[in-house]
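Asker: Attaching a single structure in C-alpha cells format; questions to follow.
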Amino acid sequence: MLKKTLMFNRPPIRNFFKGVLEKINPFKKTVYKPIIIDNEFGKYEIVLPQEVSMKKKKIPKHIRLPKYASSTYGMPEHVDMEFVEIKNNQQIECMRQSCALARKILNSVGPLIKEGVTTEFLDDAVFEMIISNGAYPSPLNYLRFPKSICTSVNNVACHGIPDNRPLRNGDILNVDITVFLNGYHGDCSTMFAVGEIDNHAKKLIDTTKNCLDAAINICKPSEDFRTIGATIEKLANENGFTVVPSFCGHGIGTYFHGPPDIYHFANDFPGKMAPGMTFTIEPLLTQGKKDIAILEDSWTAVMVDFARTAQFEHTILITEDGCEILTL
C-alpha cells in the first residue's frame, strides 16, 4: 500500500496533504508499559512504536529488483501522473501472477498471527516466503521504508513499521503485502483479529470489508472513479464510521504507485474507468475523527484521538463488462 496521499496531481513520491498531517514525537524507548483505553470506542491497548531491527536483508542475485531497491534514497522511477495506463493481454497476465502471489503470501500470514508474536517476526516470515517464490517485497527500501510489509495495529492507521511489540489479545491488525514479480507489483491487505476482540472492533472490520466489496461492485467501463469514494463514504457514515481521507488507492503495474488516484470519500475529481486499467481500492475507516499524525519515523500514521482503524485492499482490473479482482 505504501504512499497513498491526498494530492490529486502529486508526483509519485512522498507528499502529504497540507493541513491534515502533522509531525509528532514518538515516545522515547523505555520499559514498555501498556496503555489501555476504555471509552466509547471500546477497550483496547494504544499502540506506540517500539524497537525496530534495522538488520539488512540479503536478496539473492537471481531475484529481479525494482529500480528503487538498490537506490540510496529508494526513489522510484518517474511515472506520468496525467496518463492512466491501459494494459495489454501480456501485461495483464503478468499482473495476475504478481497479484496471485501477493494473495497467496497474505493468506499464509493468518496462521502465524497469535498472541505473543511480534510484527517483526511476521515481517521476517513474509520476506522468506516472497524470496522463496522468486519475488521481491515491494515496500523494502521504497523511499527508504525499512521493512518488507506494513503492519498497523489498533490506533495505527497505516504504514506501521514491524517492530518488537508482542501482539496482545484484543488487538486488531492490518497486514499489507506487495510483491514485485517478473517486473510487476501486486498489492493487497486484510485485517486480522488477535484472540477475542470486542463488538466495536468487529463492526469496524465488517463495515470496512463491506465498503471495499460495495466499491468493487460498481467498477466497470465508463464508470466515474469518484463513484468509488461516494459509495464507500455513504456506507461508512451509515454505520457510524469515518473515512480517513489522507490516503488513497492507486494505479499499479511495473510501477508501485501511479495514476489513477482512487479517493475513498465523496469527491468531484474527474476520470472514468476503461478496460485494461489496474488499480487498488483500499478504504481506511476509523471509529472517531479523521485527523492523523505522522510519527518521527516519517512513516507510521496514527489517529490523533487514538481511535482504532481498519483497512482492506484489493488490486482490480477493469474488464470489457465489469471488473476482475486480481488479488482474490
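Keep in mind that glycine also has a Cβ here, set from the backbone N, Cα and C atoms.
Automated prediction, rather than curation, is the source of TrEMBL annotations.
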Asker: For the divalent metal cation 1 site that TrEMBL gives with Asp176, Asp187, which of Glu51, Glu77, Glu296, Glu313 also belongs there?
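Answerer: Only hit among Glu51, Glu77, Glu296, Glu313 in TrEMBL's divalent metal cation 1 site, alongside Asp176, Asp187: Glu313.
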Asker: Starting from the divalent metal cation 2 binding annotation in TrEMBL that includes Asp187, His250, Glu313, which of Glu115, Glu120, Glu128, Glu282 is the extra site residue?
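Answerer: Same divalent metal cation 2 site in TrEMBL: Glu282.
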Asker: About how far apart, in whole Å, are the alpha carbons (Cα) of His250 (divalent metal cation 2 binding site) and Glu313 (divalent metal cation 1 binding site)?
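Answerer: Answer for this pair: 11 Å between alpha carbons.
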Asker: Which of the binding-site residues Asp176, Asp187, Glu282, Glu313 has its Cα nearest to the Cα of His159 (substrate binding site)?
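Answerer: Smallest Cα separation from His159 (substrate binding site) among Asp176, Asp187, Glu282, Glu313: Asp176.
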Asker: Closest of the binding-site residues to Glu282 (divalent metal cation 2 binding site), Cα to Cα, picking from Asp176, Asp187, His257, Glu313?
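Answerer: It is Glu313, whose Cα lies nearest.
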Asker: Suppose you look only at the domain 'Peptidase M24' (93-320); what would the mean pLDDT be?
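Answerer: Mean pLDDT for the domain 'Peptidase M24' (93-320): 98.
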